[in-house]
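Reading through the structure tokens given below for one structure.
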Amino acid sequence: MKLLLHEISVPLLKPFKISRGTVNEQTILIVELQKDGQSGFGEVGENGYYGHSLETMTESILRVTSRVESTCLSSGDAVWEAVNEQLSSDRFALSALDMAAQDLFAKLHGRPCYQEWGLQWTSLPESSFTISIGTPEEMVLQLKEQPGWRIYKIKLGVPDDIEIVRALRLHTDAVLRVDANCAWTVQEAITKSIVLKDLGVEFIEQPLPRESTKEEQELVYRESALPIIADESCCLPRDVERCAGAFHGINVKLCKCGGPTPALAMLKQARSLGLHTMIGCMLETSIGISAAAQLLPLLDYADLDGAILLGNDPAEGVTIDRGVVSLANRPGCGGRLKQ
Ligand SMILES: [Mg+2]
């Protein structure tokens, strides 16, 4: 196998604001694995919150390149198995490698990844579209610019949270979900959940900080009027069990856990524990979105609008039409660089 890296900087369609900052441009590292005339693609983006830069992720991948290139691709998870321990401190880099290897393995077999993973392409949830933080008027404008989605995810974590949801509700009957990105206190989460429920919100994602205690999480879990989904509090496979009894569901992201291989295991474990399952994304191209979309049959909720939020997606793959995900009709995950 041959490993190639491509660095890409993509300006966003418009600045994307959440409770801990604003992003104008996303820097992305694309991993390409070549074998027998086929290319498998994986990707990962820089992320300050999780502490991964282009430099650190490139360094991580270069550290394991010879090992990856000499791996016999006897299964989709062979690369993950080969470098998982060495990359235990850089799940982001591991994710891009695993994604590329799973894509390549399925391509060499002429089958889509979801089939390789034993999944049936049925009972698929629609994706939400994310509205980033702004004034209520700005957020209503974002909603109006993306009409027709059946689910919107609203970024919150500012003093006028409730006013924002009230304003949006006046303009849509769609399902609304909210994501506080760690910005609320226990009391705030409980109090706001009651009002948000009245406004027809379906669930709250990550109200408390990642550092919140199990007791605080359990209190919100018990007292909240709405289901609570863990995002920042659920990164690795070992986090799933801890989330049972402290959250109603988990939001798995490929980069947080280290790729499709652990994501598949986490979603299956979550379902066995009675947790709701969700897949989310970062600001990423259609390569990453196409890989995450292969897991849709295991999901209750999907948030896969990352490529739509980019100004100009340098890749192509699954398409999302107002939430409805369609496969690319190609083997593997279906994502590839344009040209
Ligand atoms: Mg989130």
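Cβ from N, Cα, C; glycine included.
Marked as domain 'Mandelate racemase/muconate lactonizing enzyme C-terminal' by TrEMBL: 136-227. Summarising the annotation, TrEMBL assigns active site, proton acceptor to LYS155, LYS253. Per TrEMBL, the feature Mg(2+) binding site maps to ASP179, GLU205, ASP231.
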Field: Entries of LYS155, ASP179, LYS253 (recorded positions) sitting next to ligand 1, with Cβ under 6 Å as the cut-off
entry: ASP179
- prompt: Excluding ASP179, GLU205, ASP231, which residues of the same chain place their Cβ within 8 Å of the centroid of the Cβ atoms of the recorded Mg(2+) site?
  reply: LYS153, VAL178, ALA180, ASN181, ILE204, GLN206, ILE229, GLU232, ASN251, GLY280
Task: Can you tell me which recorded positions out of LYS155, ASP179, GLU205, ASP231 are within 10 A of LYS253 (active site, proton acceptor) by Cα, answering none if there aren't any?
output: ASP231
Set of same-chain residues at least 6 away whose C-beta sits under 8 angstroms from LYS155 (active site, proton acceptor): LYS17, ILE18, SER19, THR130, ILE131, SER132, ILE133, VAL178, ASP179, ASN181
Task: Return one of helix, strand or coil for LYS155 (active site, proton acceptor), based on DSSP.
output: strand
Message: I want to verify one value. Collapsing DSSP to three states, which class is ASP231 (Mg(2+) binding site)?
response: coil
Least buried by Cβ count (within 10 Å) of the binding-site residues ASP179, GLU205, ASP231: ASP231
- request: Within 10 Å of the Cβ of LYS253 (active site, proton acceptor), how many other Cβ atoms can you find? Include all protein chains, please.
  value: 24
Message: Quick check: in three-state DSSP terms, what is GLU205 (Mg(2+) binding site)?
response: strand
